[in-house]
């Protein structure tokens, strides 16, 4: 099994830059690919990302716009939005060596196809080994070397373990798993729950309401996970409960801050600040997938209704509070 001495990170945004720094700290030879010419030039000249001001890029990290050059690495971290992963994976297929791990670092479900990230990779880049990296991790924390733990999953246990070892550093601790579906499902589901938590905070409904929402949101995550074959220990782990807890508690989470703005009465366009949170795209897909399996997800239903304009925030909250009483699961 390869030790993955060379790693390419595709995407020079905040999270991509943070992971490139992490791989460099772990002793890997790192190439950072950025498709936008302006952003790439800034990375080269300023040695920092526009999205992480004040965090210097390690001198050993090579920045490139040449996808073929990046594709020569022994493992590639795909740090691109969930809704554009397909095009990137398709472009990589003719460039990568057989059995090259492509590790999705986005948390979402593809709109229109209901595909999870590793399913997209398997479909578009059959030469690759699909993997997923997820867990409670903010780019600013990781970039600055603050202690962080995540999960890396691949169906091949040896690959998952080798990838975890390759990214392991003094401050970044990856656990490995073969429950690919569970890991990516947790990350996608928490996006929607974080919007709900943000709405509660923005509406100033109090700490009790926020705790209740987060807890019942976790119940929905577990229900959905069971229906789609996730392991219970994964849902209770970093990529499930860990990520949910983090993103439902701080405006550092884009989904939470988006929800806060909605809770304060801002429009979706204003709340987005020019870039919609991933949970906006995940909510309707999550609901469709839950309905297909007969999974009850009232919080997700309420969020989807708010986002598509069928319900106002107050009506959605009232609807949740007036549901028939039931035994706690």
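Any Cβ shown, glycine's included, is placed from N, Cα and C.
Going by Swiss-Prot, these are the annotated features:
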- 15, 35, 107, 139, 254, 276, 278: NADPH binding site (BINDING)
- 107, 135, 137, 190, 243, 253, 254, 255: sn-glycerol 3-phosphate binding site (BINDING)
- 190: active site, proton acceptor (ACT_SITE)
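In terms of Cα spacing, the binding-site residues 15, 35, 107, 139, 276 that come within 10 Å of residue 255 (sn-glycerol 3-phosphate binding site) are 276. Farthest C-alpha pair in the NADPH-binding residues 15, 35, 107, 139, 254, 276, 278: 23 Å apart. Within 10 Å of its Cβ, the residue among the binding-site residues 139, 276 with the fewest other Cβ atoms is 276. Within 10 Å of the C-beta atom of residue 255 (sn-glycerol 3-phosphate binding site) sit 27 other C-beta atoms, taking all shown protein chains into account. In the three-state DSSP scheme, residue 190 (sn-glycerol 3-phosphate binding site) is classed as helix. In this structure, the C-alpha atom of residue 253 (sn-glycerol 3-phosphate binding site) lies 12 angstrom from that of residue 276 (NADPH binding site). Sequence-distant neighbours of residue 107 (NADPH binding site) (same chain, 6+ residues apart, CB-CB distance under 8 A): 82, 134, 184, 187, 188, 190, 191, 243, 278.
Of all residue pairs in 107, 135, 137, 190, 243, 253, 254, 255, the annotated binders of sn-glycerol 3-phosphate, the farthest apart have Cα atoms separated by 15 Å.
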